[in-house]
Amino acid sequence: MMSVLVKEVIEKLRLDIVYGEPELLEKEINIADITRPGLEMTGYFDYYTPERIQLLGMKEWSYLISMPSNSRYEVLKKMFLPETPAVIVARGLVVPEEMLKAARECKIAILTSRAATSRLSGELSSYLDSRLAERTSVHGVLMDIYGMGVLIQGDSGIGKSETGLELVKRGHRLVADDRVDIFAKDEITLWGEPAEILKHLIEIRGVGIIDVMSLYGASAVKDSSQVQLAVYLENYDTHKTFDRLGNNAEELEVSGVAIPRIRIPVKTGRNISVVIEAAAMNYRAKEMGFDATRLFDERLTSLIARNEVQNA
């Protein structure tokens with residue numbers, strides 16, 4: 001099971017620590033959902049989920065402050081359980097003394113942020129969703145080409161890494177080589193990242209392992225990217241028919257999310273990196289409503305119709 005440490009959330013969202021011993025910052029977060037304890041403030045704890053991060057905004061804070069001191073303390077004692085990872089107070093609101101007392105007794109980290117509650121909630125949920133999502137490892141090279149995540153796959157030894165290196169030289173960015181960890185960020189979006197041990201590295205047969213960031217600079221690498229298009233490289237076969245018009249739509253499905261996939265035949269003399277660049281730009285054009293295949297079909301249909309009229 002994937003997990004995130006409280007200290008990682010603090011670093012990512014730039015939270016301030018009001019109370020938190022070092023061991024409390026090592027607590028694991030295993031659930032991406034967060035809770036804004038509203039009814040719990042009134043003493044209703046049915047269906048309460050203490051294993052989530054508890055986020056307090058202006059409404060929760062205002063109600064808490066309106067309570068008598070002893071009632072405030074008792075409610076917070078019920079909320080703060082050993083399995084609670086942390087409590088975050090948004091908008092830079094002042095943490096009441098009763099909350100600090102309950103946190104010390106129950107060993108719960110208290111954190112604050114100056115961000116608005118809705119913004120903080122969105123950032124926190126997005127971060128936890130991506131960190132805790134189940135990963136699927138695939139073999140290939142993930143590149144950021146013109147801002148698009150392109151996954152290059154193919155048989156071993158066909159030249160995926162070499163193509164990736166050529167794309168880096170052409171100004172694009174390497175995300176991952178050899179092993180790409182992919183997860184579904186939501187129901188329609190795939191995201192990819194490198195294995196930590198392979199970050200910024202690319203292996204070229206006959207040369208060895210290359211540190212792309214050291215050789216080409218920080219602009220040549222990217223830590224993660226959305227995966228929008230898959231390209232499969234395969235050896236050219238004269239007995240096999242390859243798609244010439246772009247009508248044969250293929251898909252690659254990972255973690256229940258499908259993305260378009262194209263097959264590119266590889267043979268001597270073909271500049272594969274340029275072909276992949278064109279494929280990425282063509283995909284983006286289709287997303288914007290410009291479909292060259294459809295335009296060709298329309299022109300061909302119009303030409304046939306004119307010829308039929310002339311020959312009638």
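Note: Cβ is positioned from N, Cα and C throughout, glycine not excepted.
Annotated active site per Swiss-Prot: His139 (among others), in sequence order, evidence recorded as sequence analysis. In the three-state DSSP scheme, His139 (active site) falls into the strand class. Cβ neighbour count for His139 (active site) (all protein chains, 10 Å cutoff from its Cβ): 12.
A sphere of 10 angstroms centred on the C-beta of Ser156 (ATP binding site) encloses 6 other C-beta atoms. Taken from Swiss-Prot, the feature ATP binding site covers Gly154, Asp155, Ser156, Gly157, Ile158, Gly159, Lys160, Ser161.
Lys160 (ATP binding site) carries a helical DSSP state (H, G or I). Other Cβ atoms within 10 Å of the Cβ of Lys160 (ATP binding site), summed over all protein chains shown, number 24. Summarising the annotation, Swiss-Prot assigns active site to Lys160 (among others).
Residues annotated as Mg(2+) binding site in Swiss-Prot, with sequence analysis given as evidence: Ser161, Glu203. For Ser161 (ATP binding site), the same-chain residues lying six or more positions away in sequence with a CB closer than 8 A to its CB are Val141, Asp177, Asp178, Ile202, Glu203, Ile204, Arg205.
There are 18 other Cβ atoms within 10 Å of the Cβ belonging to Asp178 (active site, proton acceptor). The active site, proton acceptor feature in Swiss-Prot is assigned to Asp178; the stated evidence is sequence analysis.
According to Swiss-Prot, the feature active site maps to Arg244 (among others).
Over the region 'Important for the catalytic mechanism of dephosphorylation' (265-270), the average per-residue pLDDT in this prediction is 81. What Swiss-Prot lists as region 'Important for the catalytic mechanism of dephosphorylation' is 265-270, and the listing cites sequence analysis.
Cβ neighbour count for Gly157 (ATP binding site) (all protein chains, 10 Å cutoff from its Cβ): 9. Sequence-distant contacts of the region 'Important for the catalytic mechanism of dephosphorylation' (265-270) (same chain, at least 6 residues past either end, Cβ-Cβ under 8 Å): 154, 158-159, 233-237, 240, 242. A separation of roughly 9 Å, to the nearest angstrom, links the Cα atoms of Ser156 (ATP binding site) and His139 (active site). Sitting within 8 Å of the Cβ centre of Gly154, Asp155, Ser156, Gly157, Ile158, Gly159, Lys160, Ser161, and not among those site residues for ATP, are the Cβ atoms of Leu233.
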